[in-house]
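Engineer: Per TrEMBL, the feature domain 'SET' maps to 394-745. Residues annotated as domain 'MYND-type' in TrEMBL: 457-524, 781-823. Taken from TrEMBL, the feature repeat 'TPR' applies to 140-173, 174-207.
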Amino acid sequence: MRAYHYITLVRDESPSLHHTAPPAARVSPIRAPFSAPVPTTFSRLISDVFDIGFLSILSNTTSHFYRGFRNGQQTSVQCYSNLYRRSAREQEPHTPRSPGVSTMKVLDLSTAALRDYEMGNYDSAIQLYTSLMEDEPECSYHLVNRAKCYLQQANYTKVVEDIKTALDIDPKNVEGAITGGRASTKLGKYEDAYHFYKAGLDTDPKSVVITEDLKKLQQVILDDYDKMGGESDEQGYDAVNFCGQDSYPGDDVLLRKEYESLERKYDMEKDIPAPPPDSLRSEKAGRIAVEAHRAMMAGKFPEALQFFTLAVELEPANKVLRRLRAEVRFLNEDLVGAIQDLWLIPKGERTADSWKLGGKVLGQIGYPIAAEFWLRKAYTLSEKKDQEAAIIFQKVRTSRIYSPMTTDFPVTVDFSGYGRGIYAKRDIPEGEVIFEDSPAVFGRVMEKDVEEMIPACDYCSQSLLTARRYFGAKLDTFDTSVQELIERQWPDVTPVMCDKCNIVTFCTDTCKERAWEEYHQLICPARCAATKTLYEVADNYGYGYNEKGEKVNLWLASFSPIILARMWAQIVTEAKRLVKKDGCTQPTIEHWAKAKAPFRKFIAFGAGDVSSKMSTVLQLFRDIFSDCGDGVKYEITDGEFTGRYYQASCNLQSFSFPVTPYHQFINRLSKVDVQDMRVLALLKPLEAKTPTANFCGIFSLHACLNHSCINNVEVCDGYVNDRGGVIVRAKRDITKGEELYTTYIDTSMPRKLRRAWLYKSFNFWCHCPRCVHEGDDPYVCTTCHKKSTDGEAFRGCGNCKKAWYCTVECQRKSWNQGHKEVCQIKHSDTS
Ligand SMILES: C[S@@+](CC[C@H](N)C(=O)[O-])C[C@H]1O[C@@H](n2cnc3c(N)ncnc32)[C@H](O)[C@@H]1O
């Protein structure tokens, strides 16, 4: 391999300023690449490039630090070489150079470009880097350096273009990632900025620069948000308009049944023969109706009802009288009477208000499908303007979907401002397990290093941690008798491998067979090239090869792409099962609707189409599901992909099987004689942290939990229906009717960061009591928002130090209004 080296001016350090951060302008992160036969010639070259008189070489391993004087200041220069670099490209011949391009030419150009950059001659530096790229088209550093010049010129689009190419060449170029992050931040593309920084952290998890930049990014998000009009202009999730009103598969049949039941139970009449016209009688009915209306307006509902009943007796076929009497009957809590009147109005003549009233009544007397039908009509007739009809529709739907799920739990699901939410049906004491839930779909959490992944059952999530894996090399150092004890007491966790792929693991044959029947047959890595590649991408933390054969980050989410594949596999498998059951050849629309139904309840809220950002993985999904066997295919349109992607990102919860082989081992050990010296010998080694097999999934009931930074419940790992799941536990006493809130973020973060992340990740601006009664900085009064005029910080809350007040009155007011409640809160973490 050809030796190729880089030198970086790390810092200029004035001896007197030794402990202070060096001025940014002097820390030139520009890198000058050059070839040299051996590192010993570096000092002369570096001396030329940076004009440094050298004192010493500080280290000499993978990189070399030289320290010398430059412009009278102590200066460090770092040199490193591709010979030492361990990158994805290490096997390739590095940086092909056009024939005839000499080392000295490259060095001269690099030196000149660097000088131009340092002197602020960016146009000239850009020209020089452009010619360097002609000579060395595959050198990511020229691109990054040119991008830095563009950054200085505020030409951010060009920066991003160069950085994308540079990272395609070398995904581990941290400076490239930082530069891309900065430019994207300037462009207002915060998601992109975050992904650049994330790529940088993947290579250098301890990068202080990235951590600092991420903090700045949060601030920029907040400032930007303020510019957009702040909280008052929130363009977040509009739950009512967002949740659709489409009917569920089979609703037509259920509606017919409900109508039959209604007619049978309440003698619903459809027709009242109109008496022969009589103007005197009509006039009398009209006069009585005016009286009735007057009484109604005065809130005298029983009186109004008497009048309307008189009027209806005179004019039984009058639809207006029927509608008005239905309203009064409803107000008098005569729900059956109200629907009987409305029923008599022919469908085509019912007004939007009649449909809405009928919907309300039907929902209350236990006919949810009919209620939805009536409310949908009301909403459509109002040209989608009647928000009340839309809200009642969602309340009815929420109740019908979630009531069966909550019968055994002290909670109910209702629809309110933040969409669905979970409410206590009774007082719940601190510590009580409120409900448990099984995942509708789940998959492994992607680990940075696949070697770190603990084997686990793909079907029930049971950990397959072995003693060898737990104790590591220490196992061999134990006494033979201790080793025997471990072997006898550690549960047998020999994984059962999928016979076809020999990659996916299960804990038992039963799990293996169930997985095969429910989803694995469609996404088994052995099934086709696309399934195999998909698993490889998941195992490589989202990295894979693009169409050009370059290794790039193909999957931008933090959850595994297998989760989406598994969702589609479950849908297709269920549709095929229904086809078989009904003796058809292909799934009907109804079959597809039924198969998709379990995932309908999960909201999918996010900004923008994501299909173009992950086109390679999307193509893999398309390849996998274009042929699902038996002539069945499932089309994954851009919209389908984006929708499922957001369903996952809005609702995923991490979890792991609560009892691992380690726990079982400890349990068995506790039954061994305590005097047994072998047990004593194991006490210390058993203190090591239990490595867990981490999963994440979407859970039907749990997904209805809204967020608060002062959450009253916590989500824990659970053992539910013989598989890994979650349990939701009361973090403090909860009173009947109170909403249950979990947290989506680490609540120990300061308010600014919490709100910024919630806004960016979930599109809402948190208004929880904690966000209201905490401040962002000491220069703004948390209570009245007055700014400090003299630059002096306001006095902060002595306890939590998260709120600041301009006066004692403001502090007292805040304390009484809610700060007292949030001040001593114990924080929750989320993983
Ligand atoms: C897991 S879901 C929670 C259930 C959701 N309300 C529903 O209707 O399905 C997460 C979404 O609920 C909404 N949400 C949750 N907590 C919220 C809060 N404190 N303020 C505003 N919206 C919230 C956001 O739209 C978020 O993306």
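A Cβ is built for glycine as well, from the same backbone N, Cα and C atoms used for every other residue.
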Engineer: Compute the average pLDDT of the predicted model within the domain 'MYND-type' (781-823).
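Structural biologist: Averaged over the domain 'MYND-type' (781-823), the predicted model reaches a pLDDT of 92.
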Engineer: Take the repeat 'TPR' (174-207) and find every residue of the same chain, 6 or more past its ends, with a Cβ under 8 Å from one of its Cβ atoms.
Structural biologist: 29, 31, 140, 143-144, 147-148, 150-151, 154, 156-157, 159-160, 163-164, 166-167, 213-214, 216-217, 220-221, 224, 448, 541, 553, 556, 607, 760
Engineer: Go ahead and report the DSSP secondary structure tallies for the domain 'MYND-type' (781-823): helix first, then strand, then coil.
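Structural biologist: Helix, strand, coil within the domain 'MYND-type' (781-823): 16 helix, 5 strand, 22 coil.
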Engineer: In the repeat 'TPR' (140-173), how many residues does DSSP call helix, how many strand, and how many coil?
Structural biologist: 27 helix, 0 strand, 7 coil
Engineer: Using DSSP, how many residues in the repeat 'TPR' (174-207) fall into helix, strand and coil?
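Structural biologist: Counting residues per DSSP class in the repeat 'TPR' (174-207), I get 27 helix, 0 strand, 7 coil.
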